Amino acid sequence: MERFVFLTFDGLSRGAVYAAFALALVLIWRAARVVNFAQGAMAVVTAYAAYMVSDAVGSYLVGFVVALVGGLLLGALVERGLMRFVGHANPLNDVIVALGLVLLLTAVVGIIFGGEFRAANQPFDTRAIEVGGVPLMSRYDLFIWGTVATIVVLLALLFTRTAVGLRMRAAAFAPEVSRLLGVNVGRMLTLGWALAAVVGAVAGVLILPTELGLHPHAMDIVFASSFAAAIVGGLDSPVGAVVGGIIVGLILSYVSGYLGAALTPVAVLAVLLAVLLLRPGGIFSGVRARTV
Amino acid sequence: MSTTQVRPARSPISRLITPRRTGPRRGSTLLRHLLWVAIAAVAVYFVSYGIDPFRNYQLATVAAYLCVTAGLTMLTGLNGQLSLGHGALMACGAYTVALAQNEFSDRGVLGAWALPVSLALGVLVAALAGALIGVCAARLRGPYLAGVTLAVALVVPAFTTRFAGLFNADQGLSVYVDPAPAALGQYFPPERWQAWIAIGAAMLSLLIVANLVNSRFGRAFKAVRDDEVAAKLAGIHVARTQVLAFVVSAGCAGLGGGVLAVISQSVSPSVFGLTLSLNLLLAIVLGGLGSLFGAAWGALLLVLLPYLTTEVTRGLSLSPGLANKLEGNLPLAIFGLTLIIVMLVAPGGIQDAFRALGRTIRRRF
């Protein structure tokens, strides 16, 4: 029972990070109808920058801010300098360019920093806080939950309560009409990518200390799990991304706790198939008009 | 009084019915393709004698990749199903061949028929796995299919670790392969023999795919890719067509994986990771999606690009530390950069660029 409680809390904090990462994917999908396969690689780049700076300065907070700003710049740069110029004749083109970016970014990180694992320091105590003799969660878990909850609330406020959020939704929903009404659709797209990259960067900085540490391919399995989370929830639904993230996090935690960590990729596949065979558009998919 | 001629709209279906080239092609498609295979076989025979063993090994690797890229370009280019998991299907073929070959050699039942039987078993197992994935894939579209196949690409190490007794975890298995037949002479290099095996397999898979593409099944593949509803109205069973494409493509991947196991005489999960799956997809796009010549360009690039970058970095006489970091990373960086540039400048890939060049030359002269 104690083990179950521990695994549940562990799964919840993993799930929170997956939820944030899945939310980043959903943001870009809704804005540009592109699955950003380079999200993981971009998060690796910002995480390296963040941990290098925080090691040099000696302050975790500075590194965290570097990740935020780095994500903002990288996201804007990728959209403005690359994705905007991809032809949309074939929906595969975006995917291929993003995959090319993955190869390029991970290879460049590998060339600069080498292929070995580097330690990613944690700002907080990772020992579990015990309640009534049962170890529940560490301060770092609380930090993760707080950060992810802040991100989710801020994004929800941005999209539902501000003029910029309204413009972003309009630009994604009906680009032509919004352009006629004076919305700078291109700038909204850049902003969407930048925001998504910030969320992805934060998720990367949060999860790396709980895994093996910094590595050019450290985010591969995180990306796959988060992509699974986004798909399980339905790519069009931000709520689905959060719910899917928690579900995937919990299942992965139970599987690696009871059956062995090696089986987690199989669990990801099993969850995906189980959900998608019942609902091919994810749990929170709406009814879609048939197009002929 | 003028009569307006009603021309049929250029719907995707009518594009299929109207042949691309004007005038019917004479003769049988199968015979034409067999002629090509015969010409290629003769060419390969002489080429394999003219080059040294290392080049033969490279030729064999290209041929092994060609088996896979041919099937994948049919699936993704002609049927519109994106697969990020073909590396795992190659692993199915490779591990089956390894287990079968070792079983044969343990029981001492080796003969000329053993290798073809192992390879056929590899194709069968990969095709079965492909059928399983294909049945699921037929319900999924776009990014949802990409997500499932991405998850498929990642499960290989999980299986080899879980069933370590059979697959020997991360170390993998060594594959017993018979030496070249004695009839070929005592000093016949094994690399040349492997090149012949690999090219034979590549020719077989190209022949099957080329014939399938030119048949009514191939037209059904394209119809489903272009417009599912229209294809359904034309009497095509959409799900069945998609599963068929996936099974054939998986069989080709299994053959390629099996041949790769025979060439390298070992299999290990690290070879069949996500990077391989992505590289395969990127190779067919770089070569020219949907074209078998493009698949050949892609297979060539998969072997040549790492080789050339290693040669170049070796020529630069770098410090050991930097050389170590560049090793393995530089080819991937160049591959990624090439891919991005090609997608921005010539999204049709190498084969499309050649076609455009050919058109320009024909127009000029």
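Heads up, the Cβ atoms here are built off N, Cα and C, so glycines get one too.
What TrEMBL annotates here:
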- A:12-29: transmembrane segment (TRANSMEM)
- A:36-54: transmembrane segment (TRANSMEM)
- A:60-83: transmembrane segment (TRANSMEM)
- A:95-115: transmembrane segment (TRANSMEM)
- A:142-159: transmembrane segment (TRANSMEM)
- A:188-208: transmembrane segment (TRANSMEM)
- A:266-287: transmembrane segment (TRANSMEM)
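For the transmembrane segment (A:142-159), the partner stretch with the highest count of Cβ pairs under 8 angstroms, out of A:12-29, A:36-54, A:60-83, A:95-115, A:188-208, is A:12-29. Between the transmembrane segment (A:95-115) and the listed ranges A:12-29, A:36-54, A:188-208, A:266-287, the one holding the most Cβ pairs under 8 Å is A:36-54.
Proximity of distant same-chain residues to the transmembrane segment (A:188-208), defined by a Cβ-Cβ separation under 8 Å and at least 6 residues beyond the stretch ends, is recorded for 14, 17-18, 20-21, 23-25, 27-28, 30-32, 36, 39-40, 42-44, 46-47, 50-51, 63-64, 67-68, 70-76, 78-80, 83-84, 120, 143-144, 147-148, 151, 155, 158, 164, 167-168, 171-172, 178, 214, 218-219, 222, 226.
Taking every listed stretch (A:12-29, A:60-83, A:266-287) in turn, the largest tally of C-beta pairs under 8 A with the transmembrane segment (A:36-54) is reached by A:60-83.
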